[in-house]
Amino acid sequence: MSVAGLKKQFHKATQKVSEKVGGAEGTKLDDDFKEMERKVDVTSRAVMEIMTKTIEYLQPNPASRAKLSMINTMSKIRGQEKGPGYPQAEALLAEAMLKFGRELGDDCNFGPALGEVGEAMRELSEVKDSLDIEVKQNFIDPLQNLHDKDLREIQHHLKKLEGRRLDFDYKKKRQGKIPDEELRQALEKFDESKEIAESSMFNLLEMDIEQVSQLSALVQAQLEYHKQAVQILQQVTVRLEERIRQASSQPRREYQPKPRMSLEFPTGDSTQPNGGLSHTGTPKPSGVQMDQPCCRALYDFEPENEGELGFKEGDIITLTNQIDENWYEGMLHGHSGFFPINYVEILVALPH
């Protein structure tokens, strides 16, 4: 910096100290200017905080945000493509549901239901990723550009204006001791900076409808996300309700204990295989010859209508006819009647 420049900086510092410590009066800016300056300051603080809070809203886990930021920074340093996106909570939940749905398998109700809901959660995570991208492009990035360009430029003009004001006020106090031309030039520079700062603030505040458009983009992105989320959840709800309906229409299976082990003690020199342990099975119902069409009852069936044949679980029923795809006709204990096919298992099929 030149000697003249150092001298000017010293004069500004002297004037600033005299105002703060000595109570000297500086040149006052008009109320309209100060109101614009206040609004610009609020706008600047609002932009910064809203950007931060929006990112926290979209990506609520601070640890995941920090890790993602580090990965993206390292990828940029290495010249690699952008790293992975934010791990959505819906994606993590989907992964767990799909994993355990596969482990449980399809021969139960819970496993397939987990798979369906897990798939819905995966779709929700993809929609959430789209929301993140949409909000960043149409809301966060424009606000960042506003902060980095327009607001930073205004701050530069205001800082320059303050420096020229201090220079003008310092010289004004020494009027008569310095050349009038030097004071006049200081006033012209002050007025010039004031006009530039005033104009830039006015243009920013006058065009604030752009920020309204950006807010609208934020709301529209959220609306689209929630529409798609509702559609996904409604579809999986229908499938789950259908599963519940089908399961409730199926007869409930009863627990059938397996044969218990019995302990047989050897007599004399005889030996028993398996260390003297044997299995005793439950006796099979008798009274039906297994060379004729018959079936075994899987569940109890209580007749509700005339002509139906009631039976207990494990009964062996003689088959006489198949009425249709849902009903058999058979005999048990001298009684004849109809009963549902899905309540029995075939031992000897009816001849075709």
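Cβ coordinates are placed from backbone N, Cα and C, and glycine is handled just like the others.
As given in Swiss-Prot:
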- 245-257: compositional bias 'Basic and acidic residues' (COMPBIAS)
- 268-283: compositional bias 'Polar residues' (COMPBIAS)
- 290-349: domain 'SH3' (DOMAIN)
- Tyr299: phosphotyrosine (MOD_RES)
- 1-125: region 'Binds and tubulates liposomes' (REGION)
- 1-21: region 'Membrane-binding amphipathic helix' (REGION)
- 1-27: region 'Disordered' (REGION)
- 60-87: region 'Required for dimerization upon membrane association' (REGION)
- 245-289: region 'Disordered' (REGION)
Where the residue listed as 'phosphotyrosine' sits in the secondary structure, as DSSP reduces it to three classes: coil
Local Cβ density at Tyr299 (phosphotyrosine) - other Cβ atoms counted within 10 Å: 16
Long-range neighbours of the region 'Required for dimerization upon membrane association' (60-87), counting only residues six or more past its ends (CB under 8 A): 129, 132
Helix-strand-coil residue split for the region 'Required for dimerization upon membrane association' (60-87), DSSP-based: 16 helix, 0 strand, 12 coil
Averaged pLDDT score, the domain 'SH3' (290-349): 91
Within the compositional bias 'Basic and acidic residues' (245-257), residues counted as helix, strand or coil by DSSP: 5 helix, 0 strand, 8 coil
Summary of DSSP states over the domain 'SH3' (290-349), given as helix, strand and coil counts: 3 helix, 31 strand, 26 coil
